[in-house]
Amino acid sequence: MAEINTTSKRSSSSYYWEHIYNFVDEVKKFPELVKRATWKVAKEDPRRVIHALKVALALTLISLLYLLEPLFKGIGKNAMWAVMTVVVVMEFTAGATLCKGLNRGLGTILAGSLAFLIEYIADVSVKTYRAVFIGAAVFLVGYAATYVRFIPYIKKNYDYGVLIFLLTFNLITVSSYRVENVWSIARDRMLTIAIGCGLCLVMSLLVFPNWSGEYLHKSIISKLEGLANAIEGCVKEYFCESEIQSSEDDSCEDSIYLGYKAVLDSKASEETLALQASWEPRCSRYFRRIPWKQYTKVGVALRHFSYTVVALHGCLQSEIQTPWSIRSQYKEPCMKLTEQVFKILRELANSIRNKRKFCPHILSNDLNVALEDLNNALKSQPQYFRGSKISRTSKMQHEEESRASFSGVNNNDSSEDPKERQKKVLRPQLSKTLSMITSFQFSEALPVAAFTSLLLEMVAKLDHVINEVEQLGRMSHFREFRVEDEIVVTCERPKVNSSYTDMTSYGED
């Protein structure tokens, strides 16, 4: 029994010392972990280092109101409001700082003006009635301001301003009932808030500014290139000779997954960036406002387009796969079609990057040839099709709808821009090819049929992306496409920015 107790004491003692050693090891590793994390954050976006320096400099300058005796005597303890304003208002981008600073300034001015008016009216009445009047004013203004915050437009653009208005109004109005010199206190606070907001605007707009619009512009380009590379990777992996097996690695490490994940997760960040960019004093080369909302529409079209990329990626991980002997017969036309889609997406990205209009007729002929080749490949394997009456009828209906559709386009107003008539030139060939896929007979060919139909669906949705980018070019007054503008398609894989660097605490729906 004694031996058992001794053994248990030794085991508990060794367990205790093991925990101590592990804790010491963690403490020794902590500086290295901090160093790696700090370097990683700075390497991902060097602007973060600059922003931290700007905030530190702004806080140092505003602290002079407290540190310098002449300034402290003029403002007094209310200088702390200026420090609080810098901490709250200083945001990562100039648009976010403008939005928050102007909201704070406007809310403070309106609240102070209304509080002074309420106090002026209350001074006329007896003290008892004055208390009732102030209480009623606080109730009505609090109800109205809180209710206004539910209005979508106010919530999206001025929610922070209404919140500051409500806070400032209550502070001044309620304090005026007990404090005699509330007017001087309110004046000093409004002055210090104005100083803080002014310093934040100067630092954000003049000292290495980070523009929300520029980030939105680059993020759309990055998403177009990321989707292009994801599509190329899907098709190459699907038609590789080795049998496709489910990956054991985390999907987050998959480059294909990262390509479309950045698009699917971008709705909130794009809307926030567009809202912040609308506050920035920036204009196009023709001194007109840049249509930031159109960038969000391009993002919406890209998200709908990326759903087909998600489905293509799902085909790679499907349990049921078409044998390589069948799949290889459609490799070349599918690769050609993917190459054309890849080229169009990269050309769309280059047109936005270089701020020039996209010219679709240069690429549409090659894409039609690729669709025709895929259609011929499907026809060349009759053993995988059944020529039923239903299939032939469906095919005739597709062709009739396509002819009617394009006859309508060709018979449009003669004053229409010729480039507008070239839109949706892919529909007739696309409909004819889709009608062939509906007639697959054997179950072993169904997976490759699904994959091919997704490629064609992708081409159909590509029209919507092209339309939105063309609309962006018209609204932004991009320069016209010139003959010397070569369409260069590089194999360099862009850096996909899946995270948005910002510290905004409001304005997101």
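Even glycines carry a Cβ here, placed using N, Cα and C.
The feature compositional bias 'Polar residues' is assigned by TrEMBL to 404-413.
The region 'Disordered' annotation in TrEMBL covers 396-424.
Per TrEMBL, transmembrane segment is recorded for 49-68 (among others).
Residues or ranges marked as transmembrane segment in TrEMBL: 80-98 (among others). Packing against the transmembrane segment (80-98) from elsewhere in the chain are residues 47-48, 51, 54-55, 58-59, 62-63, 65-66, 104, 189, 192-193, 195-197, 199-201, 203-205, 209-213, 215, 273, 275-280, 501-504: each is 6 or more residues past its ends and has a CB under 8 Å from a CB in it.
Tertiary neighbourhood of the transmembrane segment (105-122): same-chain residues 130, 133-134, 137, 141, 158, 160-169, 172-173, 176, 182-183, 186, 190, 193-194, 197, selected by CB-CB distance under 8 Å and a gap of 6+ residues from either end. Feature annotation from TrEMBL assigns transmembrane segment to 105-122 (among others).
Taken from TrEMBL, the feature transmembrane segment applies to 128-148 (among others).
Per TrEMBL, the feature transmembrane segment maps to 160-178 (among others). Same-chain residues lying 6 or more positions outside the transmembrane segment (160-178) and placing a CB less than 8 Å from one of its CB atoms are 99-100, 102-104, 106-108, 110-112, 114-116, 118-119, 122, 130-131, 134, 137-138, 141-142, 145-146, 148-149, 154, 185-186, 506-507.
Here the transmembrane segment (190-208) has Cβ contacts under 8 Å with residues 47, 50, 54, 57-58, 61-62, 65, 75, 78-86, 89-91, 93-94, 97-98, 101-102, 104-105, 108-109, 112, 281 of the same chain, all six or more residues outside its ends. Residues or ranges marked as transmembrane segment by TrEMBL: 190-208 (among others).
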